Ligand SMILES: [Mg+2]
(Lines of atoms letter the chains of each structure in order from A and count residues from 1; the text may use other names and numbers.)
(Lines give C-alpha, C1' and ligand atoms only; values in the text may rest on other atoms or scores of the structure.)
Protein backbone atom coordinates (compact mmCIF):
# COMPACT_ATOMS: atom_id res chain seq x y z
CA UNK A 1 0.00 0.00 0.00
CA UNK A 2 1.24 3.46 -0.86
CA UNK A 3 -0.27 6.49 0.80
CA UNK A 4 -1.66 9.10 -1.58
CA UNK A 5 -2.64 11.70 0.97
CA UNK A 6 -3.21 12.38 4.65
CA UNK A 7 -5.61 15.07 5.84
CA UNK A 8 -5.56 16.54 9.36
CA UNK A 9 -8.62 18.23 10.87
CA UNK A 10 -8.41 20.21 14.11
CA UNK A 11 -11.98 19.89 15.37
CA UNK A 12 -13.87 21.43 18.27
CA UNK A 13 -16.88 19.70 19.77
CA UNK A 14 -18.81 21.02 22.74
CA UNK A 15 -19.37 18.48 25.53
CA UNK A 16 -22.97 18.13 26.72
CA UNK A 17 -21.68 18.46 30.30
CA UNK A 18 -18.28 19.82 31.36
CA UNK A 19 -16.07 17.05 32.74
CA UNK A 20 -14.17 17.80 35.96
CA UNK A 21 -11.26 16.14 37.69
CA UNK A 22 -9.05 17.65 40.39
CA UNK A 23 -6.60 18.59 37.63
CA UNK A 24 -8.87 20.43 35.26
CA UNK A 25 -12.22 20.91 33.59
CA UNK A 26 -12.93 20.08 29.97
CA UNK A 27 -15.98 21.73 28.40
CA UNK A 28 -15.03 22.01 24.74
CA UNK A 29 -13.16 19.06 23.31
CA UNK A 30 -10.50 19.75 20.70
CA UNK A 31 -9.34 16.73 18.67
CA UNK A 32 -7.17 16.02 15.67
CA UNK A 33 -8.93 13.72 13.22
CA UNK A 34 -6.84 12.15 10.46
CA UNK A 35 -7.87 10.70 7.13
CA UNK A 36 -5.35 8.53 5.27
CA UNK A 37 -6.10 7.67 1.62
CA UNK A 38 -4.15 5.16 -0.43
CA UNK A 39 -3.41 5.10 -4.19
CA UNK A 40 -6.48 2.88 -4.75
CA UNK A 41 -8.74 5.48 -3.13
CA UNK A 42 -9.38 3.52 0.10
CA UNK A 43 -9.48 5.75 3.21
CA UNK A 44 -9.00 5.13 6.90
CA UNK A 45 -9.63 7.43 9.87
CA UNK A 46 -7.72 8.01 13.09
CA UNK A 47 -7.92 10.38 16.06
CA UNK A 48 -5.39 12.05 18.34
CA UNK A 49 -6.86 11.90 21.86
CA UNK A 50 -4.50 14.40 23.54
CA UNK A 51 -6.25 17.19 25.45
CA UNK A 52 -5.79 20.93 24.89
CA UNK A 53 -3.74 21.22 28.09
CA UNK A 54 -1.25 18.71 29.55
CA UNK A 55 -3.32 17.67 32.62
CA UNK A 56 -3.52 13.95 31.80
CA UNK A 57 -0.14 13.40 30.14
CA UNK A 58 2.39 15.86 28.72
CA UNK A 59 1.00 15.83 25.17
CA UNK A 60 -1.40 18.49 23.92
CA UNK A 61 -3.33 19.04 20.71
CA UNK A 62 -0.75 21.62 19.64
CA UNK A 63 2.29 19.44 20.33
CA UNK A 64 0.60 16.57 18.48
CA UNK A 65 -0.18 18.76 15.47
CA UNK A 66 3.48 19.82 15.37
CA UNK A 67 4.78 16.23 15.56
CA UNK A 68 2.42 15.01 12.86
CA UNK A 69 2.94 17.97 10.54
CA UNK A 70 6.71 18.25 10.82
CA UNK A 71 7.86 14.66 11.40
CA UNK A 72 5.43 11.76 11.31
CA UNK A 73 3.28 12.43 8.25
CA UNK A 74 6.03 13.56 5.82
CA UNK A 75 8.03 10.39 6.52
CA UNK A 76 5.04 8.07 6.06
CA UNK A 77 4.18 9.52 2.64
CA UNK A 78 7.50 8.22 1.34
CA UNK A 79 7.15 4.54 2.09
CA UNK A 80 5.35 1.43 0.95
CA UNK A 81 3.41 -0.46 3.63
CA UNK A 82 2.07 -3.98 3.91
CA UNK A 83 0.69 -3.86 7.48
CA UNK A 84 -0.15 -1.13 10.04
CA UNK A 85 2.56 -2.60 12.28
CA UNK A 86 5.10 -1.31 9.74
CA UNK A 87 3.75 2.22 10.22
CA UNK A 88 4.22 1.73 13.98
CA UNK A 89 7.81 0.55 13.43
CA UNK A 90 8.66 3.39 11.04
CA UNK A 91 7.63 5.97 13.65
CA UNK A 92 9.95 4.41 16.27
CA UNK A 93 12.83 6.55 14.94
CA UNK A 94 11.30 9.40 16.94
CA UNK A 95 10.91 9.53 20.70
CA UNK A 96 7.75 9.99 22.72
CA UNK A 97 4.50 11.61 21.57
CA UNK A 98 2.43 8.42 21.84
CA UNK A 99 -0.96 10.02 21.19
CA UNK A 100 0.22 11.74 18.01
CA UNK A 101 1.73 8.52 16.64
CA UNK A 102 -1.35 6.53 17.71
CA UNK A 103 -3.61 8.88 15.72
CA UNK A 104 -1.88 8.32 12.40
CA UNK A 105 -1.36 4.61 13.10
CA UNK A 106 -5.11 4.26 13.76
CA UNK A 107 -5.88 5.68 10.32
CA UNK A 108 -3.60 2.98 8.86
CA UNK A 109 -5.37 0.20 10.84
CA UNK A 110 -8.78 1.33 9.59
CA UNK A 111 -7.43 1.57 6.04
CA UNK A 112 -5.79 -1.88 6.09
CA UNK A 113 -8.87 -3.53 7.64
CA UNK A 114 -10.99 -2.00 4.85
CA UNK A 115 -8.51 -3.19 2.21
CA UNK A 116 -8.81 -6.69 3.69
CA UNK A 117 -12.62 -6.43 3.68
CA UNK A 118 -12.68 -7.17 7.40
CA UNK A 119 -14.08 -5.39 10.43
CA UNK A 120 -11.33 -3.91 12.56
CA UNK A 121 -12.29 -6.30 15.39
CA UNK A 122 -11.88 -9.30 13.07
CA UNK A 123 -8.69 -7.88 11.63
CA UNK A 124 -7.03 -7.75 15.07
CA UNK A 125 -8.38 -11.11 16.30
CA UNK A 126 -11.31 -9.93 18.40
CA UNK A 127 -13.59 -12.65 19.73
CA UNK A 128 -16.52 -10.80 21.32
CA UNK A 129 -19.68 -9.90 19.41
CA UNK A 130 -20.78 -7.48 22.13
CA UNK A 131 -18.80 -5.65 24.80
CA UNK A 132 -19.83 -4.42 28.24
CA UNK A 133 -20.20 -0.68 28.69
CA UNK A 134 -19.01 1.28 31.71
CA UNK A 135 -19.41 4.95 32.52
CA UNK A 136 -17.66 7.70 34.45
CA UNK A 137 -19.67 9.94 36.78
CA UNK A 138 -18.29 13.42 37.48
CA UNK A 139 -17.44 14.59 41.01
CA UNK A 140 -20.36 16.52 42.54
CA UNK A 141 -22.36 16.59 45.78
CA UNK A 142 -23.18 13.05 47.00
CA UNK A 143 -26.91 13.48 46.24
CA UNK A 144 -26.23 14.67 42.67
CA UNK A 145 -23.76 11.83 42.14
CA UNK A 146 -26.30 9.31 43.43
CA UNK A 147 -28.90 10.72 40.99
CA UNK A 148 -26.39 10.51 38.14
CA UNK A 149 -25.45 6.91 39.04
CA UNK A 150 -29.14 5.95 39.27
CA UNK A 151 -29.67 7.26 35.77
CA UNK A 152 -26.68 5.36 34.36
CA UNK A 153 -27.64 2.14 36.14
CA UNK A 154 -31.15 2.42 34.65
CA UNK A 155 -29.55 2.89 31.24
CA UNK A 156 -27.87 -0.47 31.83
CA UNK A 157 -24.24 0.53 32.35
CA UNK A 158 -22.47 -2.36 34.06
CA UNK A 159 -19.72 -0.52 35.88
CA UNK A 160 -19.49 2.98 37.33
CA UNK A 161 -16.27 4.86 37.87
CA UNK A 162 -15.88 7.96 40.02
CA UNK A 163 -12.90 10.26 40.36
CA UNK A 164 -11.42 10.56 43.86
CA UNK A 165 -8.86 12.77 45.58
CA UNK A 166 -8.02 13.44 49.24
CA UNK A 167 -10.91 15.95 49.43
CA UNK A 168 -13.47 13.57 47.89
CA UNK A 169 -12.94 9.97 48.86
CA UNK A 170 -14.14 8.14 51.99
CA UNK A 171 -17.35 10.16 52.63
CA UNK A 172 -18.27 10.25 48.96
CA UNK A 173 -17.71 6.52 48.41
CA UNK A 174 -19.51 5.75 51.67
CA UNK A 175 -22.60 7.64 50.48
CA UNK A 176 -22.53 5.89 47.10
CA UNK A 177 -21.98 2.43 48.60
CA UNK A 178 -24.85 2.87 51.05
CA UNK A 179 -27.18 3.57 48.12
CA UNK A 180 -25.72 0.93 45.76
CA UNK A 181 -24.34 -1.98 47.82
CA UNK A 182 -23.93 -4.32 44.82
CA UNK A 183 -22.77 -1.86 42.15
CA UNK A 184 -19.54 -2.66 40.27
CA UNK A 185 -17.85 0.53 41.46
CA UNK A 186 -14.32 1.74 40.94
CA UNK A 187 -12.38 4.87 41.85
CA UNK A 188 -9.84 6.71 39.72
CA UNK A 189 -7.38 8.92 41.62
CA UNK A 190 -5.34 10.28 38.67
CA UNK A 191 -2.24 10.34 40.94
CA UNK A 192 -3.85 12.43 43.71
CA UNK A 193 -2.17 10.49 46.57
CA UNK A 194 1.31 9.66 47.88
CA UNK A 195 2.63 6.82 50.02
CA UNK A 196 1.93 9.05 53.05
CA UNK A 197 -1.76 8.35 52.38
CA UNK A 198 -1.54 4.57 52.88
CA UNK A 199 -3.86 4.61 55.92
CA UNK A 200 -6.36 6.81 54.14
CA UNK A 201 -6.38 4.48 51.12
CA UNK A 202 -6.61 1.38 53.34
CA UNK A 203 -9.89 2.73 54.71
CA UNK A 204 -11.34 2.46 51.19
CA UNK A 205 -10.89 -1.34 51.27
CA UNK A 206 -14.24 -1.59 53.12
CA UNK A 207 -16.10 -0.47 49.97
CA UNK A 208 -15.10 -3.57 48.01
CA UNK A 209 -14.17 -1.47 45.01
CA UNK A 210 -13.54 -3.28 41.76
CA UNK A 211 -10.21 -1.45 41.77
CA UNK A 212 -8.52 1.84 42.60
CA UNK A 213 -6.96 3.37 39.54
CA UNK A 214 -3.62 5.18 39.52
CA UNK A 215 -3.46 6.27 43.18
CA UNK A 216 0.22 7.37 43.07
CA UNK A 217 2.46 9.36 40.74
CA UNK A 218 2.02 9.01 37.01
CA UNK A 219 5.68 8.05 36.52
CA UNK A 220 5.80 5.56 39.40
CA UNK A 221 5.82 1.78 39.27
CA UNK A 222 7.84 0.94 42.43
CA UNK A 223 5.75 2.70 45.09
CA UNK A 224 2.56 1.24 43.64
CA UNK A 225 4.02 -2.21 44.35
CA UNK A 226 4.53 -1.18 47.97
CA UNK A 227 1.00 0.22 48.20
CA UNK A 228 -0.54 -2.87 46.60
CA UNK A 229 0.95 -5.00 49.41
CA UNK A 230 -0.91 -2.85 51.95
CA UNK A 231 -4.30 -2.81 50.20
CA UNK A 232 -6.83 -5.55 49.57
CA UNK A 233 -8.40 -3.43 46.80
CA UNK A 234 -6.73 -4.24 43.47
CA UNK A 235 -4.65 -1.41 42.03
CA UNK A 236 -5.11 -0.62 38.35
CA UNK A 237 -2.42 1.33 36.52
CA UNK A 238 -3.34 3.90 33.88
CA UNK A 239 -0.92 6.86 33.48
CA UNK A 240 2.09 4.75 34.59
CA UNK A 241 1.79 2.43 31.59
CA UNK A 242 2.93 4.33 28.50
CA UNK A 243 4.87 1.51 26.88
CA UNK A 244 5.04 -2.28 26.60
CA UNK A 245 8.09 -2.27 28.89
CA UNK A 246 6.18 -0.36 31.58
CA UNK A 247 3.62 -3.16 31.58
CA UNK A 248 6.40 -5.79 31.82
CA UNK A 249 7.93 -3.96 34.81
CA UNK A 250 4.61 -3.39 36.61
CA UNK A 251 3.67 -7.06 36.30
CA UNK A 252 7.13 -8.19 37.44
CA UNK A 253 7.11 -5.90 40.50
CA UNK A 254 3.47 -6.61 41.47
CA UNK A 255 2.56 -2.94 41.11
CA UNK A 256 -0.99 -3.67 39.97
CA UNK A 257 -3.54 -6.43 39.49
CA UNK A 258 -5.30 -4.76 36.57
CA UNK A 259 -4.17 -2.58 33.65
CA UNK A 260 -6.19 0.08 31.84
CA UNK A 261 -5.19 0.10 28.17
CA UNK A 262 -5.71 3.30 26.20
CA UNK A 263 -4.64 3.18 22.57
CA UNK A 264 -3.44 6.80 22.60
CA UNK A 265 -1.49 6.60 25.85
CA UNK A 266 0.46 3.49 24.80
CA UNK A 267 1.35 4.83 21.33
CA UNK A 268 -1.16 3.02 19.14
CA UNK A 269 -3.10 -0.13 18.49
CA UNK A 270 0.03 -2.24 17.83
CA UNK A 271 1.26 -1.60 21.38
CA UNK A 272 -2.24 -1.90 22.85
CA UNK A 273 -2.53 -5.41 21.39
CA UNK A 274 0.97 -6.37 22.61
CA UNK A 275 0.14 -5.20 26.15
CA UNK A 276 -3.17 -7.10 26.00
CA UNK A 277 -1.34 -10.29 24.99
CA UNK A 278 1.31 -9.83 27.70
CA UNK A 279 -1.35 -9.30 30.38
CA UNK A 280 -3.29 -12.36 29.19
CA UNK A 281 -0.18 -14.52 29.49
CA UNK A 282 0.30 -13.24 33.05
CA UNK A 283 -3.27 -13.46 34.33
CA UNK A 284 -3.75 -9.68 34.55
CA UNK A 285 -7.22 -8.62 33.33
CA UNK A 286 -7.42 -5.44 31.26
CA UNK A 287 -10.07 -2.91 30.32
CA UNK A 288 -10.23 -0.09 27.83
CA UNK A 289 -10.05 3.47 29.13
CA UNK A 290 -11.81 6.42 27.52
CA UNK A 291 -10.47 9.86 26.61
CA UNK A 292 -13.70 11.85 25.98
CA UNK A 293 -13.17 10.95 22.37
CA UNK A 294 -15.27 11.24 19.22
CA UNK A 295 -16.84 8.21 17.62
CA UNK A 296 -13.72 7.52 15.57
CA UNK A 297 -11.50 6.71 18.55
CA UNK A 298 -14.50 5.22 20.36
CA UNK A 299 -14.94 2.67 17.56
CA UNK A 300 -11.27 1.70 17.91
CA UNK A 301 -11.89 1.14 21.63
CA UNK A 302 -14.81 -1.13 20.80
CA UNK A 303 -12.68 -3.20 18.41
CA UNK A 304 -9.85 -3.40 20.98
CA UNK A 305 -12.26 -4.41 23.76
CA UNK A 306 -13.43 -7.35 21.61
CA UNK A 307 -10.09 -9.09 22.37
CA UNK A 308 -10.42 -11.98 24.85
CA UNK A 309 -8.58 -10.54 27.90
CA UNK A 310 -10.80 -7.42 28.08
CA UNK A 311 -12.85 -9.00 30.86
CA UNK A 312 -13.73 -5.79 32.76
CA UNK A 313 -16.22 -3.23 31.34
CA UNK A 314 -14.32 -0.22 29.96
CA UNK A 315 -15.04 3.53 29.81
CA UNK A 316 -16.95 2.97 26.59
CA UNK A 317 -20.31 4.74 26.52
CA UNK A 318 -22.90 5.90 24.00
CA UNK A 319 -21.96 8.82 21.75
CA UNK A 320 -24.97 10.64 23.22
CA UNK A 321 -23.37 10.54 26.69
CA UNK A 322 -20.95 13.23 25.52
CA UNK A 323 -22.08 14.79 22.23
CA UNK A 324 -25.13 16.40 20.68
CA UNK A 325 -23.95 14.95 17.41
CA UNK A 326 -21.02 12.58 16.89
CA UNK A 327 -18.79 12.52 13.79
CA UNK A 328 -19.74 8.91 12.93
CA UNK A 329 -22.94 7.32 11.63
CA UNK A 330 -24.56 5.39 13.10
CA UNK A 331 -23.49 6.68 16.51
CA UNK A 332 -22.29 4.29 19.25
CA UNK A 333 -25.29 3.07 21.24
CA UNK A 334 -25.39 1.18 24.52
CA UNK A 335 -28.31 -1.25 24.75
CA UNK A 336 -28.91 -2.93 28.11
CA UNK A 337 -25.33 -2.25 29.09
CA UNK A 338 -23.80 -3.69 25.91
CA UNK A 339 -22.36 -2.32 22.71
CA UNK A 340 -22.47 -4.43 19.54
CA UNK A 341 -19.10 -4.81 17.84
CA UNK A 342 -19.53 -3.63 14.22
CA UNK A 343 -19.10 -6.24 11.51
CA UNK A 344 -18.70 -4.06 8.40
CA UNK A 345 -15.17 -3.30 7.11
CA UNK A 346 -12.78 -1.10 9.10
CA UNK A 347 -14.16 0.78 12.09
CA UNK A 348 -17.64 -0.18 10.91
CA UNK A 349 -19.16 3.29 11.04
CA UNK A 350 -19.24 5.85 8.27
CA UNK A 351 -17.49 9.11 9.04
CA UNK A 352 -19.40 12.34 8.45
CA UNK A 353 -16.68 14.33 6.69
CA UNK A 354 -19.00 17.22 5.86
CA UNK A 355 -19.74 17.69 9.57
CA UNK A 356 -16.04 17.33 10.44
CA UNK A 357 -15.23 20.16 8.03
CA UNK A 358 -17.93 22.32 9.64
CA UNK A 359 -16.42 21.89 13.11
CA UNK A 360 -12.80 22.23 11.98
CA UNK A 361 -10.77 25.24 13.07
CA UNK A 362 -7.84 24.15 10.88
CA UNK A 363 -7.39 21.65 8.03
CA UNK A 364 -4.14 20.57 6.42
CA UNK A 365 -3.66 18.17 3.52
CA UNK A 366 -0.40 16.36 2.77
CA UNK A 367 -0.05 14.85 -0.69
CA UNK A 368 2.80 12.89 -2.09
CA UNK A 369 3.55 15.51 -4.74
CA UNK A 370 3.87 18.24 -2.08
CA UNK A 371 7.13 16.76 -0.89
MG1 LIG B 1 -7.61 6.88 34.71
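Using the three backbone atoms N, Cα and C, a Cβ is placed for every residue, glycine included.
According to TrEMBL, the protein has these features:
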ACT_SITE  163  active site, proton donor
ACT_SITE  262  active site, proton acceptor
BINDING   188, 213, 238  Mg(2+) binding site
DOMAIN    142-234  domain 'Mandelate racemase/muconate lactonizing enzyme C-terminal'
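Put simply, of the binding-site residues 188, 213, 238, the one whose Cα is nearest the Cα of residue 163 (active site, proton donor) is 188. Straight-line distance linking the Cα atoms of residue 238 (Mg(2+) binding site) and residue 262 (active site, proton acceptor), rounded to a whole number, equals 8 Å.
Highlighted here are the recorded positions (163, 188, 213, 238, 262) whose C-beta falls below 6 Å from ligand 1: 188, 213, 238, in sequence order. A separation of roughly 15 Å, to the nearest angstrom, links the Cα atoms of residue 188 (Mg(2+) binding site) and residue 262 (active site, proton acceptor). In the three-state DSSP scheme, residue 213 (Mg(2+) binding site) falls into the strand class.
According to DSSP, residue 238 (Mg(2+) binding site) is assigned to coil rather than to any helix or strand. One way to see the shell of the Mg(2+) site is to take the Cβ centroid of 188, 213, 238; the remaining same-chain residues with a Cβ within 8 Å of it are 161, 186, 187, 189, 190, 212, 214, 236, 237, 239, 260, 289. Here the active-site residues are 163, 262, and the one whose Cβ sees the fewest other Cβ atoms within 10 Å is 163. According to DSSP, residue 188 (Mg(2+) binding site) is assigned to a strand segment.
The highest number of surrounding Cβ atoms within 10 Å, among the binding-site residues 188, 213, is found at 213. Using a 10 Å radius centred on the Cβ of residue 238 (Mg(2+) binding site) and all shown protein chains, the other Cβ atoms total 22.
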